[in-house]
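Novice: Quick one: the structure is below, questions incoming.
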Amino acid sequence: MRIIHKNAALWKTMKVAVALFIVGVFPQPAFAETQSAAAAGFTENLNSYNSSMWYKSDGWDNGDDFGAFWKQDHVEFNSGIMALRLDNAGCPGSCEGKSFASGEYATHDTYGYGRVEGRLKVAKGTGLVTSLFTYANRETNPQLPERNDEIDIEILGKDTTKLEMNYYTNGVGSHETVIDLGFDAAAGYHTYAFEWSPSAIKWYVDGNLVHTENGSRGELPSRPGQIMVNLWPGAGDNVGWTGQFNYTGTPVKAYYDWIKFTPSS
C-alpha cells in the first residue's frame, strides 16, 4: 500500500523535468510499447550502496497514512546485509513533523514483466510493514496517468507468520490476499517472489507457489515500475490495517540479503 511522495528530492524533480523535455522534443511510443524498458536482469547482493542502480529515499514522506520520514542514513550496509532502520532520531524536528524516520531503497530504472524476488528477514512489532514491491507513477515516467500501478509483497509486524499480497492498476487496489506462512518471518531469512506476466501474477515463498491472480478480480498492472523496499509504521487511515505502532526506544530493523530481477523470456 503506497501513495505518491508528498515531497520530492531535487534530483528527482530534475529527472522528471528532463524526461518531459525529451517527450516534448522526440516522438514517443505508446506506453504499452515500452514494457521492455530496463529489461536486463540483475542480482543485487546488497554488499554496499550501489548508487548507479539504486537510490536511498531522503527528505520526504509518503503522506498522512505513513508514519515515517525517509532518511538516507537509515539504509545501512554491513557484512553483506542491507538493513532498513526505523527510530525516532531527530524527530519530529528534522522529520517534517513525523514521529519516526526510516529507510527506503529503490531502483532508478523501471522493470517490466518478469520475476522479482528477495531474501529478507522482516521487522516485528504492531504497526510495522516490511515490503518488497514494484511501483509505477508519473514520477517514474511522465507519460503515465496520475494513478499508480503496483505489485506488493508485505508482511505486517503485528503477525509475522502471515504474508499479504496485493496489486494496484491505475490506483485501484482491494485485491488483498493473506496466507499463513507456516513460519515466523521475523525469526529468519526467507525468499519471497512474484512473477508478473500479461495474464497473471504469481507469488512464491521459498520457491513454492502460494497465490495466483489472473485478472478475474480486476485488471492486472501493465506498466514497468521501480523495484522498491521499505520499512514503515502505519498512521492515519492505515492504522486500522497495521495496528498502532508504539516505539519502545530501541531501533527496529528489517534485513535484506539480496534482491533479484529476471526478465520474462
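Each Cβ is built from the backbone N, Cα and C atoms, and glycine gets one as well.
Features from TrEMBL:
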- E150: active site, nucleophile (ACT_SITE)
- E154: active site, proton donor (ACT_SITE)
- 9-265: domain 'GH16' (DOMAIN)
- 1-32: signal peptide (SIGNAL)
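So that I understand the layout, could you describe where these features sit and how close they are to other parts?
Specialist: Packing around E150 (active site, nucleophile) is summarised by its Cβ count: 22 other Cβ atoms lie within 10 angstroms of its Cβ, all protein chains included.
DSSP gives E154 (active site, proton donor) a strand state.
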